[in-house]
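I have a structure here, written as C-alpha cells, and I will follow up with some questions on it.
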Amino acid sequence: HRSIFALLCNLLFLSTKSIKYNLETLNLNMWGAAPLKVQMPALSPTMEEGNIVKWLKKEGDEVAAGDTLCEIETDKAVVVLESSEDGILAKILVQEGSRGVRLGTLIALMVSEGEDWKQVEIPAPEPITPTAAPPTAAGPAPPLTTTPSAPKQLRLSPAARHILDTHGLDPHLAKATGPRGLITKEDALKLLNQRDERRPAPPAAAVTSPAPVTVSAPIAPSTGRPTFPPLSVPGKPGMPGTFTEIPASNVRRVIAQRLTQSKSTIPHAYASVDCDLGPVMKLRKQLATEDIKVSVNDFIIKAAAVSLREMPEVNVMWSGDGPQALDYINISIAVATPRGLITPIIKDAASKGLQEIAATAKALAKKARDGKLLPEEYQGGSFSISNLGMFGISEFSAVINPPQACILAVGGTRAELRMAPHNPDGPVLHTQQLMTVTLSSDGRLVDDELASRFLEKFRTNLEQPQRASL
C-alpha cells in the first residue's frame, strides 16, 4: 500500500508540473514576446519635443524596415518617422494631434511577424522620479507642524486696541515694544503705516466718482489695460483688454529662441550698397530665348557664393573658442512658410551653374512650404540670403542666423535716372534698374572695412554675371 501511495504522489507531482508548464507556454503564446518599442526620436540636433501630426499606418498593418510610420513636427519642419524593423504595428499609444511629446516617450508598440498583435502586452508607465526628496522624510517633523502651538497671549493698551479695531488690523502682526510684551499706541500706528505703504494707490477716477462694483470684467487702471486681462470666449466678440491665446508650434518657439539669441549675443553691424541689375536683366532675356528660366534671386545666390569663394575671410562662423574658417560654401535661402521662416541650403553653390541653382532653389522652397525638408537640407549653412523684393520692400536689415557671420537682405528693384559715365558726347541721362542690398554682419568676425570690400566684390560679380562664370 505504501508503494502504491508513493506512486500516486509522484504521478500527481508530475501532472502538476506539466499543467504549470502548459499554462506558462499558453501564457507566452497568448501575450507573445516582448513588444518592439517605438519611441519619440531626436529628428534634429536642437529638438527637445515633437508633435504627432499624422499616423501613416494603422493598428494591425504590416510594417517593413524603411516604411514610414507617422509624420512628426520637429522644431524645424514636419519629418516622417521610418521603421527600423519588420513587424506589425500593434498599438498606437500617442494619437494624432498630440503636442509636446518629449524625446524618448513611448508612442507605439510593434510585434514580430506571426505574433498576435491584438494581444500585445502594454508596458507599465515608468515612474517619474522626483527631483528632490522632501526634507521631512529623512527626519522627524518639526514640532510646529505636528502639534499646534498655544495661541500667544496678547496684551494691548486701550489706545492700541482702538486703533487696531477701527482699521481692521490683525494684532498678531504688530511688534510689541511695551513692557512684558505690551502692544502700545506707537506699535499700532507703525503697523497702520506699513499697511498704507503696501497698499496700491487707487485710480484717479475712483476718487471723484466711484464706479459700481462688477464681477464680469476687471476694472482698468489709468493705463487703459486691466491688471489681469481675461481670455476671450470663442464665437463671442472680445471685450476691451481681452486676448486670445494662440498655441505656438515647435518651429515658432525655436524661431523665437534663435532670434532672441542672435540679437542679444551677436553685435550686428550693417552696410548697404546699390547694384545695377541691367546686365542681369539682359542675360535673363537671352536665357529665356533658349527656354532657360531663372530668377533674379538665382543670380544673387550665385554672385554671393562666388564672392565668398574669392573672399574666404567672410566665410566664417563664431564658436565658443573663437572664429572658425569654413571649407564649404552653403547658401541658406530664407523661405516663408505657414509655420514660420525656415532656411533650406544650396550646398556648394559656388561650383553650381545658374540653371542648377534655379532648380535646386525651386525644389527646396516647395519642400519647405510643404514641411517635407530633411534635416540635412536645412542644417549646415555658411551664409544666408533673405529676399523681400517680391513683396515691394525697397530695403531692410535682416537678423543674423547663428552661428553664421553674415546675412544679405535684398530689396526690390527700382528705376532711376542717372548720368552715363565716360560718354564721349557729354553727360547723358539714362535709366538704371537699381537694387539695394544690406549686409548684416557679426562685428566680432567681419568688421566694417571687410564688409565694405565684400559688398563691392558682390556688386561687381552681380553687375558682371559672365565674370562669375554663370
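We count from 1, first residue shown onward.
Every residue, even glycine, has its Cβ placed from backbone N, Cα and C.
Quantities reported herein were computed from a predicted structural model and do not represent experimental measurements.
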When TrEMBL marks a stretch as region 'Disordered', which of 125-150, 177-202 is it?
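Of 125-150, 177-202, TrEMBL gives region 'Disordered' for 125-150.
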What is the number of residues in the domain 'Peripheral subunit-binding (PSBD)' (155-192) that are helix, strand and coil, as DSSP sees it?
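DSSP composition of the domain 'Peripheral subunit-binding (PSBD)' (155-192): 21 helix, 4 strand, 13 coil.
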What are the helix, strand and coil residue counts for the domain 'Lipoyl-binding' (35-111) according to DSSP?
0 helix, 38 strand, 39 coil
